[in-house]
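Enquirer: Feature table excerpt (TrEMBL):
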- 33-274: domain 'G-protein coupled receptors family 1 profile' (DOMAIN)
- 22-42: transmembrane segment (TRANSMEM)
- 49-68: transmembrane segment (TRANSMEM)
- 102-128: transmembrane segment (TRANSMEM)
- 140-162: transmembrane segment (TRANSMEM)
- 168-192: transmembrane segment (TRANSMEM)
- 213-235: transmembrane segment (TRANSMEM)
- 255-276: transmembrane segment (TRANSMEM)
């Protein structure tokens, strides 16, 4: 929202404002849904597997995204009411903390999707050796490395966000990681199609292959939803940094609230995909809500 007066005077686009009731409802729903996923995985020992731990990592990233937008909206409301100023020392530190949370959520989502994609790749093409390759301990180590790197990067980027040397690598990382995941999926589907033709005469293997491909399709849905929900907001950041005075950029930035709401919609959609595509999670949710043994 930090657009200059010049950019406001060179565009006739009216800012699109999402009602606060809708905003907070979407945010609360996203946080609660992902919290349910975490509780379900913790309670059901059958879900204590690397794949579900990576899914929990994605759920935590979604929760951070919803929490970030909620705190940011509260901050804006308090500024409009006069309880906070936009340029005070405390407000600047608070803004840096929220920016760090946003970057942590984005990086956490990207690397969680990458971990899930790699796990699915190993499941499909190294099924017999999967439990030796992807052990529970190794999965936890991978998650620890991911979140340590994401936390350090988010703090560094938030503190030096006004330096071009910081902004450029961050903007390159998003499309680069998405391209890498996309290449992994394409390679996965091409090999799976080739393997399916070879084992078409083996009923058991065919069933196993279909199960694994179902997981690959689920991850493809995750990636598509992630791109649709996050890409508009990332584009907003790029335009605000590199062309804030351009009238076309200012016109696009007028839908800032809509782009922010899309991030929170991602937090709502992901748990629905979990529940719809995973029979084990559906069963766990039913037991949680029905209090059944």
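Glycine is treated like the rest: Cβ placed from N, Cα and C.
Describe the structural surroundings of these features, if you would.
Expert: Under 8 Å from some Cβ of the transmembrane segment (22-42) lie the Cβ atoms of residues 48, 52-53, 55-56, 59-60, 62-63, 65-67, 69-70, 73, 257, 260-261, 264-268, 270-272, 274, 281, 284-285, 288, all in the same chain and six or more residues away from its ends.
Under 8 Å from some Cβ of the transmembrane segment (49-68) lie the Cβ atoms of residues 26-28, 30-31, 34-35, 37-38, 41, 98, 101-102, 104-106, 108-109, 112-113, 115-116, 119-120, 123, 134-136, 138-140, 143, 146-147, 215, 222, 263-264, 266-267, 270-271, 274, all in the same chain and six or more residues away from its ends.
Cβ atoms under 8 Å from those of the transmembrane segment (102-128) belong to residues 50-51, 54-55, 57-58, 60-62, 64-65, 68, 134, 139, 142-143, 146-147, 149-151, 153-154, 157-158, 170, 173-174, 177-178, 180-181, 184-185, 188, 191-192, 195, 208-209, 212-213, 215-216, 219, 222-223, 226, 230, 234, 263 of the same chain, restricted to positions at least 6 beyond its ends.
Listed by sequence, the residues of this chain that lie at least six past the ends of the transmembrane segment (140-162) yet keep a Cβ under 8 A from its Cβ atoms are 53-54, 57, 96-97, 99-101, 103-104, 107-108, 111-112, 115, 170.
The list of residues near the transmembrane segment (168-192) in space but at least 6 beyond its ends in sequence, with Cβ under 8 angstroms from a Cβ of it, reads 103, 106-107, 110-111, 113-114, 117-118, 120-121, 124-125, 157, 209, 212-213, 216, 219-220, 223, 227, 230, 234, 237-238.
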Enquirer: Summarise the model's confidence over the domain 'G-protein coupled receptors family 1 profile' (33-274) as a mean pLDDT value.
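Expert: Summarising the domain 'G-protein coupled receptors family 1 profile' (33-274) by its mean pLDDT gives 79.
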